[in-house]
Amino acid sequence: MHDVIAQGGLPFRATRFWFSLANEPPENCKKNENGVPVDPILAQAIPSPSEALVTSWELRDPLGESSHTIFEHAVRQYHSRVLVRATGQCFLFCRHCFRRSLLPSERSFMDSKAIKALAAYLAVHQEVREVLISGGDPLTAPDASLASLFEAVRSVPRPILIRLCTRTPVVLPQRLTSDLIALLSKMRPLQMVLHINHPKELSQEFMEKAELLLRAGIPLHSQTVLLRGINDAASVLIELFSALNRAGIHPYYLFQGDLAAGTAHFRVPLSKGLALYENLRKELSGLELPRYAVDAPGGGGKIYLPEGIAERRADLWILRAPDGSLHEYPEEG
Ligand code: SF4
């Protein structure tokens, strides 16, 4: 594993396994005009000079999560759900990550005090039906730490769904040991949402672990970020979503890029994303087609596309969030 802190930004971290999925070695790889590797695997992992460019649209916390923090590590943006950002660690620091400005300051896994605070909160707030455990990537933590977090949720005397959001199964499938899969199975109802952006991420090793998770009774979903030069072609997305569906992994979301600082070079113009999605709707079955969505810049929740478009004004899109609030999203920038 590599772990080098890049100056002033998101650290560089990737696994050897991740690099083994690429068509060429990371050293001296081919790069585009923005200094981003051409290979879709390397492009998601290797820092580029373009990350230093922060546009006037971009935000440190593009989803406005900080304003919904209820206590350390816990965010409450929705009535029925609590988001737990359990750690700032990941096995791969994705260059397009929407939490890329937050992760460097949130390095360690939540401690026992924070875990107890979560259990106490859930006990009082009966309306919470689902706990999303995210990060960073929670599966970077040892099994014992994960067990204490899961057990805290299970200590609440009502059924709560645990939604585990992770990229580990594609980045480091070896982490899914039989012990970890047994722990996840024991903590059901538990479902996993996997971040997967390109068909090359569907390695044989990943597919075998996905099969084991499914056999252990853990439903799998995927979310994909639309990324310029990586997966912004209908053929790539059709291959990805149909393969996921065949493997029993439900294609859940296709996300328009968030306005995270230093990621403009990855964002696909919304007009192009809409045209792409129109193509996907023609080509993919209902089981294969994910929902196309964008998180309202600065907070306000998920907005489905194209349904959430209120109007277009030149190079500006006006989006309507589920609560009726209007949000601006630039065509480019
Ligand atoms: S694994 Fe997830 S949280 Fe970690 S850098 Fe990638 S997108 Fe961000």
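Positions of Cβ are set from backbone N, Cα and C atoms, glycine also.
Taken from TrEMBL, the feature [4Fe-4S] cluster binding site covers Cys90, Cys94, Cys97. Cys97 ([4Fe-4S] cluster binding site) carries neither a helix nor a strand DSSP state and counts as coil.
For the domain 'Radical SAM core' (76-288), the model's pLDDT averages out at 96. Annotation source TrEMBL lists domain 'Radical SAM core' at 76-288.
Around the Cβ of Lys302 (N6-(pyridoxal phosphate)lysine), a 10 Å sphere holds 18 further Cβ atoms from the protein chains shown. Here TrEMBL flags Lys302 as N6-(pyridoxal phosphate)lysine.
Contacts of Cys90 ([4Fe-4S] cluster binding site) defined by a Cβ separation under 8 A and a same-chain sequence distance of 6+ are given as Arg13, Cys97, Leu103, Gly135, Gly136, Asp137, Thr140, Arg167, Val171, in order along the sequence. Separation of the C-alpha atoms of Lys302 (N6-(pyridoxal phosphate)lysine) and Cys94 ([4Fe-4S] cluster binding site): 21 Å, rounded to the nearest whole number. Just so you know, of the binding-site residues Cys94, Cys97, the Cβ with the fewest other Cβ atoms around it within 10 Å is the one at Cys97.
Report note: the [4Fe-4S] cluster site is defined by Cys90, Cys94, Cys97, and the residues of the same chain whose CB lies within 8 Å of the CB centroid of those residues, excluding them, are Leu10, Leu92, Phe93, Arg95, His96, Arg99, Arg100, Leu103, Gly136, Asp137, Arg167.
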